[in-house]
Amino acid sequence: MYLEKLNPQQRMAVEHGTLTDGSHIAGPLLVIAGAGSGKTNTLAHRVAHLIVKGADPRRILLMTFSRRAAAEMARRVERICRDVLGSKTGVMADALTWSGTFHGIGARLLREYAQQIGLDADFTIHDREDSADLINLIRHDLGFSKTESRFPAKGTCLAIYSRAVNSETALDQVLRDAFPWCAAWEKQLRELFACYVEAKQAQNVLDYDDLLLYWAQMVGESVIAEDIGSRFDHVLVDEYQDTNRLQASILMALKPQGQGLTVVGDDAQSIYSFRAATVRNILDFPAAFSPPADIVTLDRNYRSTQPILTAANAVIDLASERFTKNLWTERQSSERPRLVTVRDETDQARYVAEKVLDHREEGLKLKQQAVLFRASHHSGPLEVELTRRNIPFVKFGGLKFLDSAHVKDMLAALRFAQNPRDRVAGFRLMQILPGVGPSTAQKALDLMSEDASPLSALAAMPAPPRSGEDWTAFVSMLQEMKSGKAGWPAEIELARQWYAPHLERLHEDAATRQADLLQLEQIAGGYASRERFLTELTLDPPDATSDQAGVPLLDEDYLILSTIHSAKGQEWTRVFMLNVVDGCIPSDLAVGATAEIEEERRLLYVAMTRARDGLDLVVPQRFFTYGQNAQGDRHVYASRSRFIPATLLQFFEACSWPQVKSDAAAQAQARQVRIDVGARMRGMWR
Ligand code: ATP
Ligand code: MG
């Protein structure tokens, strides 16, 4: 029986409020516990238990951090249900239709309630890059980029806007707290944001933040809140420590008394404050209700061996604030986590590649091993090394397949067909055509925006002088797509055919890019409609694959490379953590405020607690930086991360690699040092 596999506290959380009668809807529940204590597992069991006890899966709302996590959860729920109730539940667990991310669920609800809230249901969603592009267009229109030569860059403007919206904080305070160097532009930023909001509305686009903001506004209307709230008997949220205030207020609006509400999280793993997530949400949850929410804590870790757990606990013990207590485990092992010193990032890459292959020879699949890093670009040298050795890998986080120019072009075509008022998409597309520059595109878009039927307005326009046939082909592609005659996903072929000659013209490596587009078509085939595809893709892109390593098939074995942020909630038998040095973790971007340093510490804790049996923290003595230091040198001499002070060394096995240096290598190193010293000396006189 599935309940018997759980420990008493887990079982308490699973059965909370369902002991007497399955149909009874329980009061609010918080499960707060450390990494690997079975929170996610408990949540999956709770959902399954509710279904087994008769809850209607279509009336369960389950929100997780990523779509991948939601899919994994649905699988687990289905497995448990099938074991208990036999095959007929296959159908039932499939009916767990309301599971996904906050943003994804928000997008669905907004489309459904569009009419009631004065929104056009055909809205398209801008990802961060599109949003930054739109801000940039407006920045130029307002003339800020010209007259104010040091006006914040588009990315910074977007970050400020996003922070203010997500934390529900006034602009002046956001500037004071987080962007003091931009405070002088408060007036201009206010104007920029006002225009940005207007532009989004005129173009019928929503950015990521809007999905939450509109959702929060929508349920601020009590009639709608009740309507949506009453559709769900149970609302469950995983990784609650990384939600922001808007998300909390949405939950409270849906379930003001907390009936049927379960949230799960770990304050020691709160790592998204840069997106305005706040650990207060989880800490304040119990008292938000009266009577207060029940709290279940879990203290047994099932994931890691005792030595790994001891080391991770030691790192997080130095944190200034923490609610969850240290964990214990029964998994004994004589293998301690390793702290491996290597010369530089090249050696680090070699070390990891060799160890990974060693483990594979011992029978461990590549998929059961992962390499984690603080910033996406840290994996560069490793990606090269893996490619050289033909070790397949997949990368999570950072630059994605979907961010490449040709894929974005195709997606823009689909988006523009869906919503011809989407200026960022239109602006991008038109400039693909030969002879069309920014001003021609702007003019065409202006004419379109003034017309009730933008596509007809486009068709009625004379083609720009040097782009006759290309222009006509472009317009008819859009019209054909909009008509919906080809159907989904066949219509994507229309866009690809239209795009093919341009691809040839614009890119030397057109053949590989064509292959990407074919892959995109395949991915698209898995979605029910254009609208669904665009929404999900923008919100939670499928996993990035490295183009150097080719695209591994699903059943193929591959190594996982991931930023720590994207590794949340997951586990691997063996974990390597790159660049455990000051400047990387804590990131030198964070050096300053205590709160930021504390978040970096939690990041290292998250990384370490992903490991089941083996953990290697690698410390290169030099690493490459993107900026130059005062001496014009791009290499920086690194010291071990401050999160592992000498007092903690006892929890690790310290070693260096390669163990024995050949004379030649030692000489090369000595030469290298002389060169660096020279660069420093010269730099003094620059
Ligand atoms: P994180 O904080 O990293 O998200 P978590 O608390 O959500 O971790 P899970 O991922 O749910 O933890 O569980 C960690 C591991 O422990 C999983 O492999 C899970 O199957 C296992 N596990 C959880 N509970 C039990 C149990 N009662 N018996 C055996 N294994 C368990
Ligand atoms: Mg979890």
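Glycine residues also receive a Cβ, built from the backbone N, Cα and C atoms like all the rest.
Sequence annotations record features per position, and here TrEMBL assigns domain 'UvrD-like helicase ATP-binding' to 12-305.
Annotated ATP binding site per TrEMBL: Ala33, Gly34, Ala35, Gly36, Ser37, Gly38, Lys39, Thr40, in sequence order. The DSSP secondary structure for Thr40 (ATP binding site) is helix.
When pLDDT values are averaged over the domain 'UvrD-like helicase C-terminal' (306-569), the model yields 85. TrEMBL lists 306-569 with the feature domain 'UvrD-like helicase C-terminal'.
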Binding-site residues whose CB lies under 6 angstroms from ligand 1, from Gly34, Ala35, Gly36, Ser37, Gly38, Lys39: Ala35, Gly36, Ser37, Gly38, Lys39
Check: same-chain CB within 8 A of ATP site center, minus Ala33, Gly34, Ala35, Gly36, Ser37, Gly38, Lys39, Thr40: Asp266, Leu298, Asn301, Arg303, Leu327
Candidates near ligand 2 among the binding-site residues Gly34, Ala35, Gly36, Ser37, Lys39, Thr40, judged by a Cβ under 6 angstroms: Lys39, Thr40
Which of Gly34, Gly36, Gly38, the listed binding-site residues, has fewest other Cβ atoms within 10 Å: Gly38
List of residues, in chain order, with Cβ under 8 A from that of Lys39 (ATP binding site) and at least 6 apart: Val31, Ala33, Asp238, Val264, Gly265, Asp266, Leu298
Conformational class of Ala33 (ATP binding site) under the three-state DSSP mapping: strand
Around the Cβ of Ala35 (ATP binding site), the count of other Cβ atoms that are within 10 Å: 25
Candidate with sparsest Cβ neighbourhood (10 Å radius) among Ser37, Thr40, the listed binding-site residues: Thr40
